[in-house]
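Per Swiss-Prot, the features are:
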BINDING   Cys425, Cys431, Cys470, Cys474  [4Fe-4S] cluster binding site
BINDING   Cys474  siroheme binding site
Amino acid sequence: MSHSVEDIKSESRRLRGSLEQSLADAVTGALREDDQTLIKYHGSYQQDDRDIRDERRQQKLEPAYQFMIRTRTPGGVITPAQWLALDGIATRYANHSLRITTRQAFQFHGVIKRELKATMQAINATLIDTLAACGDVNRNVQVAANPLLSQAHATLYADAACVSEHLLPNTRAYYEIWLDEERVSGSGNEDEPIYGDRYLPRKFKIGFAAPPLNDVDVFANDLGFIAILRDGRLLGYNVSIGGGMGASHGDAQTWPRVANVIGFVTRDQLLDIATAVVTTQRDFGNRAVRKRARFKYTIDDHGLDTIVAEIARRAGFALQPAQPFAFEHNGDRYGWVEGEDGLWHLTLSLPAGRIADTDTATHLSGLRAIAQLNVGEFRMTPNQNLVIAGVPASERARVDALVAQYALDAGNRSASALARGAMACVALPTCGLAMAEAERYLPDFSAALQPLLQQHGLADTPIVLRLSGCPNGCSRPYLAEIALVGKAPGRYNLMLGGDRRGQRLNTLYRENITEPEILAALEPLLARYAAERDHANDEGFGDFLHRAGLIALPSYPTHRRLDLELLA
């Protein structure tokens, strides 16, 4: 018998439930129904292979249950030793691949139940965990991966890691179930000062951005911290609240939202403001209607001024006025760049973040070889790419030799700038919410679009493309200049008009259409863009569509164009 998510949380004995009994049940590859909810807080989702679901049903077999495991890696920074260990885990327990998420975490796919605990223990042995990587808690904290700002990145990373640790659940359930920690008196009744016994109404996302780069898409986060840098010195952070991508097809009560900038805080105020924002959502969020439970709806339902006043009351101080800042783009810089500290950083484009050895790529082997050099560190970017960071000039030649040997820079040499910067969620065959393909379709769609780009001289023009298998928007499609949002197998909603800076939502342009219809809809728009764009100001595709009157801002009830780019 299943229960409501709120009941499952409150009766779980601080996220324990009957997980240990579910794991021990050898009769099925699945967990008990309520435990399928609880395991999310431990960093895993129960899934099945949808490609063979019908076949197994015909054979009177249960679905091919498997588990996705997601790491908690604030800012996506790991050492070469950790990389090698995670590579080994993927090879031994998962489907021989690693996947970089849009929130700078790793996902392992294809882990079966009887190996779930061993996999969790192996991950923790690397000094990485999976606690709170999923569930109605604060998720993995994003950090700008800007390799040019070496000192700023180090400071942002330290602040983000501090916030991540501060907002972890206090329960010992994770350590008891997966790491065999001895139970003590009071086990199952630990105090949760931030989350309480029902945790948050829905998931919560935090990002740290470093202008002029908005690679984290900070305005898609529930809570954003925008670094204010002057002469290389970090003064503090502008605070943004209320971003979120998820929506439901055909439901006018749901919509994506860009965040509001509400003020400025100093570094020593970070934890107080983060706690105030999270607990405000905990107490004001909608627990009766789950699809309306995200913080963006809390703000829209109660009013921005009311929520900001409550945050200030809980923090014990009013935020200072927001400081000037400006974003230039939300993509990655590919190739080598030298940081302020004289170390070098190589950004590699990895299509949809998938790292595997296939018929056409040897990314897993190649990055293993680079990790074995034991130089620098690895940084996952919010665009699902990878930075080999902190490389001394004397080691560049060795890295370059391996990059060439394994063709790791093939993505950097993609036929179009659009393909290099495109993102996609996993979707089929493992995501239970997917309505259409995304990751597996991205190469084909990019290739289908390529002739149009070449025809109009746009192959080298950066256009933000994102694919999502469903309207929940894990690939942040609603901020893209071109987005496909899955509606049914082979059919998508075509969304147009976001911008390169991650500051404007796009708009539904055509609904429930196939690839030929998508290409037919895009061709005249790309033709006009090529002929009429403002070259002098490097006008983006989304900006052109609005200037030319070819598309309007979305008509979401609370959406308005926010003046986010303050004069620096």
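Placement of Cβ uses the backbone N, Cα and C atoms for every residue, glycine included.
The model shown is predicted, which means the values in this text are computed figures rather than measured ones.
Everything Swiss-Prot records as a feature, shown here on the structure.
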residue: Cys425; record: [4Fe-4S] cluster binding site; Cβ within 10 Å: 27
residue: Cys431; record: [4Fe-4S] cluster binding site; Cβ within 10 Å: 21
residue: Cys470; record: [4Fe-4S] cluster binding site; Cβ within 10 Å: 22
residue: Cys474; record: [4Fe-4S] cluster binding site; Cβ within 10 Å: 22
List, in sequence order, the residues of the same chain other than Cys425, Cys431, Cys470, Cys474 whose Cβ lies within 8 Å of the centroid of the Cβ atoms of the recorded [4Fe-4S] cluster site.
Val426, Ala427, Leu433, Ala434, Ala438, Ser468, Gly469, Asn472, Gly473, Ser475
DSSP secondary structure for Cys431 ([4Fe-4S] cluster binding site), reduced to helix/strand/coil, please.
coil
